[in-house]
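Peer 1: Okay, handing you the structure first.
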Amino acid sequence: MALCLSPGGCPYDEDEEIAVFESTAAEHGGPSRPRLPEISVISPGLDTRPSIIEPKLAAKPAAVRQGSSGDGSSEKVQVFLRIRPLTDTERGRGEEQGCVAVQDEETLMLKAPKESQNMRTAERGVTQSIHKFSFSKIFGPETTQQHFYECTMKKMVKDVLQGENRLLYTYGVTNSGKTYTIQGKIFSGLLPRALVSLFRKLQGRLYGAMDLKPVMYQDVRQLDAGEVRVEEIRRNSLLKEDENQSSRRVGTTTIWDSGIGGLSCTSNIATQLEETDSVCLEPDSLSHSVGDNLEEGVQFSIWVSFYEIYNEFLYDLLDASPALQPRKRATLRLSDDRQGNPYVKDLTWIQVRSAEEAWKILRAGRRNQSFASTQLNQNSSRSHSIFSIRVLHVRPEAAMHISELTVCDLAGSERCKEQHNGERMKEANNINTSLLTLGRCIAALRHNQNNKSRPPQVVPFRDSKLTRVLQGFFCGRGTSCMVVNINPCASIYDETLQALKFSAIATQVRDNAVVLYIEICDLKIHRSILACRYKTNNKQCPSHHFSWSMVHPQRPECLIRSPNSVHVHTVVIFVMLLLQCLKIVECSRCELNPFFQERDQEIEALSAALDTRRETDSVPVPVPQGDSEGPRRSRRITSNSEANRLRSELDQCRAELLTKTHELIKLKMQLEVPGSTGTLTTAADRKLEEGQRNLRQLRMDLQRLGAGLQSGERACCRNTGGERLRQALTAADETLAKQDQTLLELQNGLMLVKADLRRKAETLAQTQALCPQLPPSGSDTSTTASCKRRGCGAAAPSDTENRPPQKRPFYQSLFPSCTPTRKYNTRAVEDANITPYSRILRSRQQSPPRSPAPTPRSLRGKY
Ligand SMILES: Nc1ncnc2c1ncn2[C@@H]1O[C@H](COP(=O)(O)OP(=O)(O)OP(=O)(O)O)[C@@H](O)[C@H]1O
């Protein structure tokens with residue numbers, strides 16, 4: 001079976017996919033491949049035939065409208081689509097190519113423009129160029145803020161006042177109008193309207209509007225009295241800061257110098273809304289009417305919080321103003337409450353007493369929010385911002401109830417490659433990743449809800465901060481509503497298509513708890529045990545978090561509902577384990593029952609015998625009057641022996657009873673401690689031992705491998721040229737040492753020869769002195785010549801000139817540094833003798849000194 005990739009990024013089976021993308025189920029490849037239909041239908045049950053695209057919204061018959069029929073479709077998550085109008089600049093750029101067309105108030109048709117990637121793939125026959133999507137309701141470009149509020153959020157406000165939890169989030173590509181929808185350009189969006197409506201409905205029902213009681217805070221978050229005071233100071237500073245903001249009036253609108261358009265803080269929001277809206281506000285939403293169907297005697301208190309998820313970090317936007325606080329922003333942590341629901345730890349919750357106050361708080365928070373100018377949007381949200389309104393229902397002498405309305409303005413998905421700034425690219429990356437996780441969660445929820453016969457998928461709520469904070473709303477703690485914003489520009493058609501594909505999955509999700517069915521075979525015997533165990537466990541597992549019940553007596557199965565899929569899996573494992581334990585306990589109890597009964601009977605019999613004896617003992621022995629000593633003594637002896645016998649019998653019985661009691665206690669203890677626990681502990685010990693053994697084995701293997709590696713390295717080194725070179729160098733070193741030795745010997749020989757010569761010269765001089773009469777001419781010349789030839793002392797000054805030229809190199813080579821000439825010559829000889837081998841020798845640092853013998857310099861100094 002082929003696997004398709006969902007828009008959310010997770011694979012799912014083709015037959016599941018078929019309901020969503022009918023046309024994509026066609027086979028791919030091969031000449032006989034059937035032609036793809038022209039339209040891809042992104043909702044089950046829609047007509048695939050292309051119809052004429054109506055420019056205006058056409059009403060659909062009420063019977064087929066989602067949520068209006070009684071077929072259970074009302075449970076489905078509501079997904080609204082809002083199309084923003086094109087600006088004049090965009091029209092001038094030629095962005096209006098009719099690629100987005102509304103067929104009726106629930107159906108949208110997308111037609112790929114020529115330059116889009118979708119059109120290119122469609123031309124290759126891979127995808128379709130026309131797509132059809134269905135929504136709960138579609139709002140065209142001409143829709144006013146007021147109309148949009150009436151159709152989407154108005155009911156949510158009512159539900160929250162009835163004690164329900166509601167979430168509204170906007171999803172779409174960047175610059176598609178998400179922030180505009182929630183806040184409005186001049187604060188006319190959903191949120192201010194909701195605040196105004198809420199406070200109007202609660203007029204006269206606000207609990208202790210000026211009375212900040214710690215108990216109230218403690219219900220929202222665990223604060224002590226000191227912290228409450230800090231909160232109050234923070235609240236006042238936020239409100240004051242808003243008043244200090246410089247603003248300039250443009251017509252009826254107040255434009256704030258910070259660049260954020262807004263309402264005048266001193267004016268009434270409702271009046272401002274009425275002024276700025278072209279359409280008259282619906283009387284019910286903003287009129288002074290007290291809310292309908294509010295519980296009698298209940299008072300309300302309103303609290304707000306505002307935080308953002310920026311680059312996967314949570315920041316409290318009400319922490320302090322950026323002007324007051326230049327320090328690095330502190331991040332918030334996510335935690336789980338006792339019911340397992342995630343909540344933002346240490347988040348600031350501020351009590352508000354009017355819509356104006358709430359609005360000021362929101363505005364103060366907005367100044368801390370991360371905005372930046374991007375290629376597509378001058379004022380683009382770089383984070384997911386979450387504004388929550390908590391309504392405390394204060395009942396006299398009854399538990400307080402909290403309901404919540406959360407409005408989440410998601411950051412827009414965008415192409416990372418279009419970002420030229422590193423910071424923007426990082427932000428885009430984080431935004432896309434968290435949106436992808438949201439898509440995966442929604443796809444997994446849909447899979448679990450629509451395919452009950454298949455194994456459930458784990459919903460990856462924990463993969464991103466965004467999905468974790470919204471988790472409760474997807475798992476039964478409340479209901480969610482999605483607003484998809486799109487921009488009809490042709491240049492971002494591909495991104496818009498992806499966003500719509502994601503929303504198509506969301507339309508198929510139901511506002512239900514995650515439901516898992518666990519098949520447990522052979523539950524007949526254990527049903528009663530299960531029921532009794534449930535009662536005992538109920539204290540630890542509150543019913544709204546973890547509950548089970550028998551669904552069908554013939555097909556025993558356990559229904560588990562939990563808001564957290566991770567918990568569900570833990571619970572499943574726990575249930576299986578518990579059932580095993582119970583089964584073992586029950587079996588052992590059945591086996592032991594007859595034995596117990598027997599023992600009980602024996603004990604009863606013994607107790608009865610004992611009682612009888614006691615009674616007999618207590619009967620007073622009649623004392624005979626006026627009898628003789630003998631029979632009295634004999635009677636005493638008889639009664640004494642009888643008493644002794646009875647006493648010993650009693651002791652015996654007591655001992656037996658004690659033994660039996662001990663046995664009973666032992667058996668009871670065996671019964672109370674589930675056998676499986678012991679088995680489990682033993683099994684765990686065994687596993688531990690086995691693990692340790694494995695670890696030891698692994699360590700030994702590692703040591704062995706290390707040794708092998710070392711020997712391998714050695715072998716490797718031996719086999720390489722490096723080792724050979726080292727050997728050659730050692731041999732060369734030895735040769736060199738030998739040569740040095742020979743040189744030394746030669747020098748010694750030379751010294752001897754020179755000494756001999758000197759002696760001979762002296763002898764010759766003496767001889768000459770003794771024989772002055774010898775003829776000076778002829779023979780004199782010859783003697784001098786012969787003397788000179790021998791290099792004797794008298795001829796020394798002219799020795800250099802008279803020396804035969806061929807002798808010089810020999811002496812110079814022996815005394816290389818005696819004269820500059822010699823030095824030069826030695827260098828020349830060395831240079832002449834340079835070979836690659838000698839160069840290596842010189843460069844080697846490890847080489848031993850050239851000659852261990854005394855240096856020739858000492859000799860040179862002498863001669
Ligand atoms: N329905 C509308 N009518 C008139 N103008 C609109 C509408 N929707 C959006 N706009 C305008 O389009 C521009 C972009 O809107 P906005 O900033 O709300 O987009 P966004 O989706 O929040 O973008 P990002 O994700 O980048 O923050 C704004 O100038 C806004 O005024």
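Note: Cβ is positioned from N, Cα and C throughout, glycine not excepted.
What TrEMBL says about a protein is an automatic prediction, not a curated fact.
Annotations per TrEMBL:
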- GLY172, VAL173, THR174, ASN175, SER176, GLY177, LYS178, THR179: ATP binding site (BINDING)
- 771-786: compositional bias 'Polar residues' (COMPBIAS)
- 838-848: compositional bias 'Low complexity' (COMPBIAS)
- 76-509: domain 'Kinesin motor' (DOMAIN)
- 613-643: region 'Disordered' (REGION)
- 771-816: region 'Disordered' (REGION)
- 835-863: region 'Disordered' (REGION)
Peer 1: Once the DSSP letters are reduced so that anything not helix or strand counts as coil, what is GLY172 (ATP binding site)?
Peer 2: strand
Peer 1: Average pLDDT across the domain 'Kinesin motor' (76-509)?
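Peer 2: Overall, the domain 'Kinesin motor' (76-509) comes to a mean pLDDT of 78.
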Peer 1: Below 8 Å Cβ to Cβ and six or more residues apart, same chain only. Which residues does that give for LYS178 (ATP binding site)?
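Peer 2: Listed in sequence order: THR170, TYR171, GLY172, SER381, ASP409, LEU410, GLY412, VAL483, ASN485.
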Peer 1: DSSP three-state call for LYS178 (ATP binding site): helix, strand or coil?
Peer 2: helix
Peer 1: What's the number of neighbouring CB atoms sitting within 10 A of the CB on SER176 (ATP binding site)?
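Peer 2: I count 28 other Cβ atoms within 10 Å of it.
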Peer 1: What number of additional C-beta atoms lies within 10 angstroms of the C-beta atom of GLY177 (ATP binding site)?
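Peer 2: That number is 22.
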Peer 1: Measure from the Cβ of THR179 (ATP binding site) and count the other Cβ atoms within 10 Å, all protein chains considered.
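Peer 2: Result for THR179 (ATP binding site): 25 other Cβ atoms within 10 Å.
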